[in-house]
């Protein structure tokens, strides 16, 4: 019968798969299997001699849905695979559906004991244990035994008696007949078919194989592979003559009667052909279509990391269905810290890969290898993937594996440009001397773009006469090919080459293009050119000649001897850079005034748009003044020539220093300026002497390769270690930059270069790109590359700039030129530029020669100023001959090509004209300029700075900035230079401010000091950046600036500008001026300060004045007050002010105290000679809030503030006598109003409009309360009772208006609105609230758009976050750290700040910090962002690991970060987004959020500060003890404390236990009651005690109590008396003198620990004695399941033999027996003194008996959900499958109606736990179905009636109507709820082996006592001590084993491991715990890898570990 079921199941699965595909469109989620599954793998080792193995064993499962990764069986900690042994493993891996075959293998480690004789393997899917697959083997896996295979593919069957047959493949290998073609190496073959591959097989037989000209035959047995696709064949290069020439391979598939031929005819040799010794061959194809994979393997930088073993890699495609086979990485060094790079060709597209396998053959001395990571890039898909490893592959290290499966870190995946493989054939002509030994280059153009320049990597014999050379090249998609450019670079006489033609073919599409040449590339032949452009034969374009005329300027020294090149760029392409060698009209080229002509041959370019011209900067007179370039087609008239004007220097020492320029025709727009900052690494030997070039690729095109010759910051010696070089490049606009090519020419003594990073700023686009590199570009380092493509890591938005071209024309006056430095500033409608230094490398502002004015041209980038309004220009009067006659300035705005003319025609000189050296010019119309009229001039002087004390009104208009400047705490950080700053706001800037007088130090800017300065500015707007620098004067000019802090009280903001860099010509990038931007995460916002004018009137009495420090405090209403403020800043001011009879005025900015100043406090510190002060009065004036005017409050005093006068007080509080208001009327008059203070209070009317949202059920009937907060106070909570608009308030979509009267609140900034959740429909969706202040007519709008509901959305959930910092010395950070959790559909939490407590300064190296943050529920977590607010290099942080636990979801994610978050480390990011796919996901116990209210009694001394613990007991388990946090103010007399608590899901609740530990100064507590409200179900449970918890108070004198849960006024548990009878056995020495304790467990929890003390007999627990103990007033536990009994091993004879325990529950009148009949003794039996005893009352159910199942179906509540037809169900349990049961639908009793629930019952054999159900839908009459019909089922619940177990299936599926019984839908079980009776029955004693592995680090071992508590689905083990006699436990690297007997725990959920911190070295590094259930052989592994040490990590000595399968 069992077999028939299996056969039917198999058929059903086949049909089910068909349905899966046909229905996938309806409910895709239904047919996807669970992503992970647990498989039980049982291996049976044979009973033959030497059968066992010490090697590592791996298994791979092949199923209908895919292939699992290779899984390692067992761990080093236990012996497995011994002779005649059965081993059981549980593995958690991908669910691959029904199994077809498995691959089992070992890695041949373990020395002589590697061979293994495997009898069979049995695999069970634990979701459906009745599906058990048997895989017979009965064969050796060994190199030495049997057929030499140690990898085997086994076919499976559901019937253990079946032996499936393997297919036979006969492989014929034909070795070529060429000389030396045979090989002595080992040859390997892998055959790939539709259904999988054979794995790598060694081809070996008895005879001498692979000899020249022979055929060798081999038989390979393997499961049927279907149609063969390809083979991989290669050898291992061993032996004396390893090289092998293979002719072909023929494979005869015996089972499918097919023959496949694989033609090869290639060498497999390192020194022949292309050097490959392994190839992929496709069926019947000589030319393979290989996809190239770029593989980078990084060997770790740890001692002994390198290896000489052969490294191999296997790449796996998606779902593992395709793989590359084993690919040997030949020719790599694999040395410590090196990156080895390989290009691997595979005849299959696998990218993106699901995983890679990497390993080695363990074949060399020192075979062990430490692999850091593998990076794979497939140009074809453009995907680069990173696979971290960070582990040893060494049989003597760690877990002993020499091959590992690596998974991608998805967060690091990069999408790069896709490149496609092409094949290129080059024909050299058969002409005498046609060949060349020169290096040949190539570039191909297409309709969509062009390829990069490609060097054809040639061997010594390439490009020989009459020869065909073949190359593999890669190109991006450039569309249809149009032309090819080919050239070589050797200009000597013997390098000439006669090139016949070229053909390229796209490997994948086979499209071909040909390019015919048939010409010389030779300086002595043809037209003497060594470059040719060829059109594709399919394109109609012709090769044309272009005549280029280059005109050198008539300027002194304008000619050049350098090599000049030009590139002509047209619409259809460009010519590339062509050297201008042969001038057609001049022998001596590029001389002053020359016009040199050159011919360039190129494929027709279309209309010519630009010319790029430059020179190489070599030679003595290399500087060149270029006038213009003219281009025309040869043969066309000169009038057609296009002119490209330049009129600038190409000279490093003139103009802007550039030696390459891009020219556009006259009138065309300007170019875009790219600023490139290149940082050289700070490691030894990082600098380079080579020339560096860059090429930028953007969305609109790419630039040419550009050599970086002249830097802006002019450090002269470029690319030095640790330096940053800045270059400017002007070129055409390429749009958004996608990538960057950077490299060097590899010239010079020290060519090698370590490139750290590149930053590109494009002001015109407002973009800044960061390109991290952090790698060598060096022939002798890493991969030997000297150029690299980099993709941007981040793109930042900066201020968008446009170009202004400024032309300054000096007048033609005698001595009109100036040597001074000239500056200008441009003002426009939209703002102004910063101060522009008009300076370049030429000699500027020289007097104009006759008739030609001297023009100096400057290009500046600035923000778009709009229409220009004025220009401020000045010079600094430095140098001799500073006087300057300025004729005019012209400015061209590049945005719209507008020219502005600013005429001047005046001197800027101290001793000429009016003596001004600054002028403000206004623009005039061009027409005026042409007339030559003098324009109006605006010669107003610059406004002087404001006087020291501004008036109140001016102060209100201005902003006072306090600048704090922190000098770094580094050696030589301080500076003696003059430091200046400029503050830039959105509206204006301050201009240069010299930071002269520090408030804090006389000697400014010293190491580690903070200096403070005050800056006044008018209307800057929001502060955007600051510029700070120094003039490099003084002896120690270099300065390390840490940060600048700018506080603006009137704006209410404090900004931090991090710097963390040198301002030093000899450090960093050599800059001494830096622009700093605010770190937004460090910005502090507060309520803005307001200005007060404070006047003090000193009395006109003898000695009334004072020199003391006078201070003042202002008080408003409700205790609002300002800080204490001193009125004088320094001693000088103190002596000036407060003289006899004086009136002194101070303007200070202080906090706003509201409209009413109720009092002031004024006093002094009594210092100085004349301390005493007689104050007459104080007047305080401030501006009115509304309207123009001010209010003065007068505070009379008329008393002494003196120690020796009056009452001796020096501080007085003054109250106001009157208030004088001056208000400006509309008619311009000033109205003065005097009021007595009593009437000063002003009441305002506020109109409140409340809008309820227009969503379903939005309205509320509850009472609504509102509080309005303004900057002057709040209204207090007001009930919104009477709506002025609606009688029924707060209805859906309605607006309700209310009127509230209150004292003027000032600016309203927030409101608090709530309801009291009363009445039936309390939930409320609030849209918005609008508040109108009717007096001031101000409107305040507050958007809500959320529910105010306890049931609906919007509730925050807790996230438990732990962060571990790396152990490196500089890994720590003091920055603020944050996390953002992201879910699907853009759901994300706010930024959750992880703020450290307990005075910790930062995240220290090696630390582990834990946080609980509350954030929005984002659903399923997709990504997590981790970052910090540090912006300086000093704030770098190395994150080791981040764990995010979500208790409400029962899941925890662990991210192995191991990365820097730092501006100057790694890739320069301070925030990183981690993908959940990179995390290890762990199931943790799910928690429910309860709102807990604890009520402390209102009796004397009721409050406490002791530790309070609670445990909650429910029908579904018990929580652990939970500590209730005191939080300083909780649990005080008469108080109700409400807080949220995360509690295990044990509901419905039964009782609660509360315990106090008696610590603290007030250990007693009077507990009234505790209320728990489940926030999910809203169920409220009340626990009442109303008594003391105390040792000394109350009747019970107990520190522990239990309370019954009361739900809806019903007690959930009853009071009973337990009578416990203990029977000691009748054997010798059975009695005990020890103290005995017991815990009884039942349906409603446990009794807690009961001491068995009180008994009638004085001598308890004697031999054969029964002792009775009574425990009255206990809560009944209902049915009992087990007891835990133990003793303390005290007394002279502690050993105890217990026969049984009886427990009687008096209220149930039932006795439960717990038999034992075992010793509890250290020296008897198994040495345990604690035993758990199962209840004997629970009869064992006969599992073969029939049982009843109740089926409850719920039909969906949607249209078309119901059905009139029948439904059938079959149950798949862990013990078998039921027959199909029809759920009938009759006309009398209609079932399956829309939204209905239907019940059915049927009998079946016991099936065990139900894993899945099969649902079918059939017509009642059995007729054929016409058309489509479905039943939409929402949920099915299956209840097993005998034990009451419930199985819930959330379906939400459409079940198709079909007359065929074998068409159905399978649904997996969503949730199983095991009944108490079922759990109790499974409690049988089981031995558990506990293996504890201590870490292998210094100091890892512990001497403390270690304890373990194991938690399973059946309860917990209790706290057990792990001890052994005569053994030193838990030492470094040690494995300790313990055997504990416990009642069956069920599935193990978690363990708690802890120690007691005793003895000398208690700190302990626990690696992991492994627990094996000895009854079923299942091992559960709990990883830890953390310290339990009070001094390390987080200081915890207890850890909860969750299982990793």
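Every residue, even glycine, has its Cβ placed from backbone N, Cα and C.
Keep in mind that what you see is a predicted model, and the values were worked out from it rather than measured.
According to DSSP, the secondary structure content of the domain 'PLAT' (37-155) in residues is 3 helix, 63 strand, 53 coil. TrEMBL lists 37-155 (among others) with the feature domain 'PLAT'.
Per TrEMBL, the feature domain 'PLAT' maps to 167-282 (among others).
Taking DSSP states H, G and I as helix and E and B as strand, the domain 'PLAT' (291-407) has 3 helix, 58 strand, 56 coil. The domain 'PLAT' annotation in TrEMBL covers 291-407 (among others).
What TrEMBL records for 544-664 (among others) is domain 'PLAT'.
Per TrEMBL, the feature domain 'PLAT' maps to 802-922 (among others).
Taken from TrEMBL, the feature region 'Disordered' covers 929-949.
Annotation comment: TrEMBL describes 934-944 as compositional bias 'Acidic residues'.
Mean model confidence of the domain 'PLAT' (1090-1215) amounts to 85 (pLDDT, 0 to 100 scale). According to TrEMBL, the domain 'PLAT' annotation covers 1090-1215 (among others).
Here TrEMBL flags 1244-1362 (among others) as domain 'PLAT'.
According to TrEMBL, the domain 'PLAT' annotation covers 1357-1475 (among others). Across the domain 'PLAT' (1357-1475), DSSP classifies residues as 3 helix, 66 strand, 50 coil.
Marked as domain 'PLAT' by TrEMBL: 1488-1603 (among others).
If you look up TrEMBL, you'll see 1616-1734 (among others) marked as domain 'PLAT'.
The annotation domain 'PLAT' is assigned in TrEMBL to 1747-1869 (among others).
Taken from TrEMBL, the feature domain 'PLAT' covers 1886-2002 (among others).
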**Segment proximity, the domain 'PLAT' (1886-2002) to the domain 'PLAT' (1616-1734), 3 or more C-beta pairs under 8 Å** = yes
**Item:** the domain 'PLAT' (1357-1475) in contact with the domain 'PLAT' (167-282), cutoff 8 A, at least 3 CB pairs, sep 6+
**Value:** no
**Request:** Test the contact criterion for the domain 'PLAT' (544-664) and the domain 'PLAT' (802-922): 3 or more CB pairs under 8 Å, pairs 6 or more apart in sequence, then answer yes or no.
**Result:** yes
**Request:** Report yes or no: does the domain 'PLAT' (1886-2002) come within contact of the domain 'PLAT' (37-155), defined as 3 or more CB pairs under 8 Å with a sequence separation of 6 or more?
**Result:** yes
**Prompt:** Do at least three CB pairs under 8 A connect the domain 'PLAT' (291-407) and the domain 'PLAT' (1747-1869), leaving out pairs fewer than 6 apart in sequence?
**Reply:** no
**Complete:** Secondary structure of the domain 'PLAT' (1616-1734) by DSSP, residue by residue, totals 0 helix, 64 strand, 55 coil
